[in-house]
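Chemist: Sharing the feature lines straight out of TrEMBL:
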type: DOMAIN; residues: B:37-91; note: domain 'P-type ATPase N-terminal'
type: DOMAIN; residues: B:123-264; note: domain 'P-type ATPase A'
type: BINDING; residues: B:D404, B:K405, B:T406, B:E509, B:F551, B:K574, B:R605, B:T685, B:G686, B:D687, B:R802, B:K808, B:N832, B:D833; note: ATP binding site
type: BINDING; residues: B:D404, B:T406, B:D829, B:D833; note: Mg(2+) binding site
type: ACT_SITE; residues: B:D404; note: active site, 4-aspartylphosphate intermediate
type: DOMAIN; residues: B:855-1102; note: domain 'P-type ATPase C-terminal'
Amino acid sequence: MMASSYNAKEEDGHHSVSAASGPSAGPSAKSKKPDNTAFKQQRLPAWQPILTAGTVLPAFFIIGLIFIPIGIGLFVTSNNIREFEVDYTGVDASSPCFTCSQTYSWNSSIPCKCAVSFSLEQPFESNVFMYYGLSNFYQNHRRYVKSRDDSQLNGDKASLRNPSKECEPYRSHDNKPIAPCGAIANSLFNDTLELFYIDPNGTRTQIPLVKKGIAWWTDKHVKFRNPGGNNFNLTVVFQGTTKPVNWRKYVYELDTDPENNGFVNEDFIVWMRTAALPTFRKLYRIIQKKSNMTPTLPRGNYTLDVTYNYPVRSFEGRKRMILSTISWMGGKNPFLGIAYITVGSVCFFLGVVLLIIHHKYGNRNNSADIPN
Amino acid sequence: MWRRRLTCLFGGEEKRVDSRTIHAGRGSSPVADAFPQQKFCDNRIVSSKYTIWNFLPKNLFEQFRRIANFYFLIIFLVQVIVDTPTSPVTSGLPLFFVITVTAIKQGYEDWLRHKADNEVNKYPVTVLEDGKRVGKESEKIKVGDVVEVLEDETFPCDLVLLQSSRDDDTCFVTTASLDGESNHKTHYTVPDTVKDVESLHATIECEQPQPDLYKFVGRMHIRRDGQETAVRSLGPENLLLKGATLKNTKKIYGVAVYTGMETKMALNYQGKSQKRSVVEKSINAFLIVYLCLLVSKAFVCTTLKYVWQNQHGQDEPWYNPKTQQERDTNLYLKMFTDFLSFMVLFNFIIPVSMYVTVEMQKFLGSFFITWDKDFFDPEVQEGALVNTSDLNEELGQVEYIFTDKTGTLTENNMEFIECCIDGFQYKNHKFLTETDGLCETDGPITITLNKAPEELEELFLRALCLCHTVQVKESQPVDEIDGVVLDQVDGFSPSPEDQCAFIASSPDEVALVKGAMTHGFTFIGSDSKSMKIRNRDNRVEVYELLHVLNFDPVRRRMSVIVKSESGEVLLFCKGADSSIFPRVRKEEVDRIRVHVERDAKEGYRTLCVAYKRLGNEDFARVDAELREARLSLHDREEKLMAVYNQVETDMILIGATAVEDRLQDRAAETMEALQGAGMKVWVLTGDKMETAKSTCYACRLFQRGTELLELTVGALGEGEGKREERLLELLLEYHKRVVHDTPPSKTGLHRTWSSPGQDYGLIVDGATLSLLLNASPDGTGSHYKNLFLKICQSCTSVLCCRMAPLQKAQIVRMVKSSKGSPITLSVGDGANDVSMILEAHVGIGIKGKEGRQAVRNSDYAIPKLKHLKKLLLVHGHLYYVRIAHLVQYFFYKNLCFILPQFLYQFYCGYSQLPLYDAAYLTMYNICFTSMPILAYSLFEQHISIDTLLDHAALYREVAKNAMLRWGPFFYWTMLGVFHGLLFFFGVYCVFSNPALLPSGQVFGNWTFGTIVFTILVFTVTIKLALDTRHWTWINHFVIWGSLAFYILFSFFWGGITWPFLEQQRLYFVFINMLSSMSAWLAIMLLIVLSLLPDVLLVALRRPRGRNTRQVRRRLPSSGTSTIFMLSQTASGHSFSWSD
């Protein structure tokens, strides 16, 4: 904008006054002088690291020396994890679940069953974790992720009667609020998987599957709560609500164990934690180690009995059952080990190369003259 | 305000022609008046932008005119209207923050402007109304008011002088703040205005306001009762300009003719256009790149989404049905809203917070300039002043410096340095100690050992006392001296009264008179017929003044003819050596010449003094000739000249004087440092060519080897028609010489003190310049300009003398708009420099003697020129590096923030699911990563202050916007892309098996995002830490504090089920993540891997500033010795010409 076109007469006047009273008026002079503090003079004591080839070189070696052992450790650990995966979608006509996958209907009252047999080449020693895996299932679709009501799941009575709008179109059915509402809950994975060990002599032994401890502790105990607090009579609590459209049972019929029923059913909780990627696995059951003597799952033949309820063919999806042991790093994942070894080696290699370069040309650099 | 000014200028066009009529005095105008009453603007000066009422709407409007803010507003509105992945809060909150901070800052600045305006507008003035003296505020003055101004006051508006307290109807005025000339100018009252202004009744007709300071045409009709109207013509000598100061006159009365924004001073200032720094331009360029990136990302995602949805079963799988609303929406509208949603999702790539951080960095950073104690000047009792914080970094980009001379390069304070009498050197003993060493080595004679004969000495001093046109100020102390007190004062007492008691049109003369005073001869006073001096024996000698042969620039000398008490008639002459030497005897010349030449080289203004005894007959003849010449009507000037030349011959040379317009403290050193830093220094002055030239030599802008090219009126010769041809000839010749001799690519850029090859200096004067710039508008005009510009750019220094204020601005504009649009900086101290200060990219005001005009209009004000060095070399350099890094880092960190989110769309069915939680999206730029970069951009010193000061050449490292060019931008962008890819795909690989907990439980999508986000926050922060070269405790605190804050926040955010959240997405996600060893290892791996290239670059690259550090190591560690060594080199260089 336009400049202030003004000659500061009073400033000049003021100036001369202050100059005249300069010797006597000490304080006024002091106030205008900038403080001589380290902060204001930008002279705070400072650490001034000089990153040169010399200081950086050791870092490469150190990274190399740390990463390679970690990588080897990870790689070995990952390799020691036993993992077995079986696809039971029933795409091929030859596969046992082909019929079930074809003749699927939500309304059929008689569940379709099929049995997939497989054999384990190696025994699974410690606790075995049973996962179901889905492919091409977009649990991370935004519309899907949104479609839940966390306050309803947390046992809020008001939300139970009046679920969040986000739950549409699974908010209410037949003028009754749906509990639990939303698309996530509606599409709860409802295949039942049972595992049988086939003895060499031909007898089928059902392997006991533990259904507790598959969800995050905090989810089960804090985030998900049944309405009505300690009232175990969930039928009463959920009175006036209806089941999700695709469910066969009410939410209070999920399990007989009151600790695992209603919203705090662990299968339900696991399903409600939406997966990151369209191909994912979720923990289904745990096979506890029985004793130190026998492996949890000895090598041999097994049958997986599937109650085939969950349709995936409509969106080109796949269903898998995964048996896996677990280490301190979780499930089998060779990526981390390989990545660590690679990065460590590269660092080490770079370190060597740089050392050579530094040695060869470093001296010349050091003799550089005063810059001009 | 512009409109206001426009109405002032053009309002009522139809009834106003080319003159205005003003009624002055005695209240209302008589009915007899034929002219319609005209409306004039009041005397208010408005530089503020806002009032309380219009602040909010106007400020908001201006802020949203900024493309970035408008963009964020649009994004915000889209978020409110359309169903978007992120809530409006995520972009609304930062936007609100930005707008508020900016509004507060601008409000504060405008408040300061209001305060300054009020100081002017409320200044009390005295106005005569109905014959009574009425106190008024300055802004209330109306055209036609009769205003009283006292001594040393500034005129509040343009006045026509009516009455002066001086007897001779004159008043003295100094226009130092207008055109930089500090001498006193005489203005005259309008003839025949009644002595009694109260009864004045007159009409003034004058031209409409125009900016030319030296033009004024008008007529005054004076009505007196019972007499017919007298008409008097008015000229510039009657007009007192606003901004000028009344001197040596007790009080005057004047009638206001131009007020407020119509005063010549106000018209001489161009509107202060918003100055934008190169950095801001770079930011905008980068912004466009990122905007394209954003749009293309959104476009790609939208396209792919619909391609993907066309596949069987993907559009609406049974588990994820569409809502009714979605079904109902038109496909194309759906596409469009999808596009908008993607835009919103990725909008964080354009960092809204960058603007806040940049604003804050500029605002807070400028305090360091204010606080710098090195800028504190004990004389002024003030430090530096920052008027605009927007241009801090521009200080590090300066390529051309335009400096004023008087008051900027020099102190505007003439000092008698030494004289030489008959070949013997007399130093002014004040400076004896300082120059002692020099004197012994350079001059063969020292004062203590040898002296000229006493009578010669006294003759010389008498000559100094008599040969001038100085007047003694009629103030009380002088009166006392004149009287009784005089005898009591012993010898020469340089009392303060004496110091300021002389007034003259040239400060040199005062210096000479004062110089004589220190040697025992005091000039006491003169009236029209006689001059009185007090000699060493304290006796008053009276000389009868017979003739004054005036100074003129052609003769370059002046003389007086006086008659001593003994009846002897003497002619004393002083003048430039070139004009005196041919008129005296040869043998004397040689003895003096050594000294004169040496003094001239030192940058002193030298004058030679000669005398001549005139016999009675001689005098009678001369007297007659002079009188005759003076009375002649035709060719009076030429006749007088002839007589002068005839008289001033066969003189006897007695000595020479050296007067210094003292350079500002360390001016030469500063100029040298600036040139060493690759800047070109142009001196633009209103002063005479000779003076300016000598100053240039003194500042070492011109050196001994410098070949001077002159484009002056003198060089062009006389004659209107031929001038242009001659000008073209000269231009072509110089162009050939300068441009073709030196390889054009390297000129100037690599000039150091040691550089070989011919240096060229150009001198151009105002008249020639206007010829150049205003040359015929056809093709030749621009041709002239181009030639001139090329010559200028090849010269190491350019001196432009005799410049009008607007011409200075013209020069600046010319350079500014030349090829490559170099960054210009103007330094000045007076109001005459304001236009160039406003025109240049950066305007620096010197808190000099000539008022505060320049300071007020400058972007930065410093007390002394020497501070410019630190301001540019240290503050400018540092600020540039800081802000450049800030900008690049901001784009980088947002690119690698958003890129994973973009990649995630490919894995979530293009459904616009944000990868990160809303809290992280919002907080990333505001809390987690903003403070470290802010601290960096405030405290970073990649090279220490001392090193920067010592090695001016380091300034060139950042020249030409080096850190914000496309190269570095590309590097940072690539780094961001690399990091983004690494973060996403690294975690993607880890999530190929989401069972990452040792309990076999799995992680969901929010853990995925949190891991990426954790890596991101740590990487960008550590990346900054790697770039930090100056770790104060604040940096430590902020960098580690930010990381700690991120962790604490994540704990906290995930530790509670927040009642206000609809979904507890992050509940215990972070803590569960930490309980996974794999997550830890993945985070560590990816951080290290992403920082590896940077570390590798450090190892491969020759570190910046390493050499200088070595130098420092080589030198003895204490600071004093460094200074010693530097001063050795500096002095070795500066006196290199003497051997």
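Cβ from N, Cα, C; glycine included.
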Chemist: Reported in the order helix, strand, coil, what are the DSSP residue counts of the domain 'P-type ATPase A' (B:123-264)?
Modeler: 17 helix, 64 strand, 61 coil
Chemist: Could you give me three numbers for the domain 'P-type ATPase N-terminal' (B:37-91), the DSSP helix, strand and coil residue counts?
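Modeler: Helix (H, G, I), strand (E, B), coil: 30 helix, 0 strand, 25 coil.
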Chemist: Among the binding-site residues listed here (B:D404, B:D829, B:D833), identify the one with the smallest other-Cβ count within 10 Å.
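Modeler: So among B:D404, B:D829, B:D833, the binding-site residues given, the one with the fewest Cβ atoms within 10 Å is B:D404.
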Chemist: Where among the binding-site residues B:T406, B:R802 do you find the Cβ with the fewest other Cβ atoms within 10 Å?
Modeler: B:R802
Chemist: May I ask you to report the DSSP-based helix, strand or coil state of B:D404 (ATP binding site)?
Modeler: coil
Chemist: For a quick check of understanding: among the binding-site residues B:F551, B:R605, B:G686, B:N832, which residue's Cβ has the most other Cβ atoms within 10 Å?
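Modeler: Neighbour-count leader: B:N832.
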Chemist: If you run the three-state DSSP split on B:D833 (Mg(2+) binding site), which class comes out?
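Modeler: B:D833 (Mg(2+) binding site) sits in a helix per DSSP.
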Chemist: Determine, to the nearest whole angstrom, how far the Cα atom of B:R802 (ATP binding site) is from the Cα atom of B:D829 (Mg(2+) binding site).
Modeler: 17
Chemist: Measuring CA to CA, name the entry from the binding-site residues B:D404, B:R605, B:G686 that ends up nearest B:D833 (Mg(2+) binding site).
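Modeler: Checked the binding-site residues B:D404, B:R605, B:G686; minimum Cα distance to B:D833 (Mg(2+) binding site) goes to B:D404.
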Chemist: Give me the Cα-Cα distance between B:D829 (Mg(2+) binding site) and B:D404 (ATP binding site), rounded to a whole Å.
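Modeler: Cα of B:D829 (Mg(2+) binding site) to Cα of B:D404 (ATP binding site) measures 7 Å after rounding.
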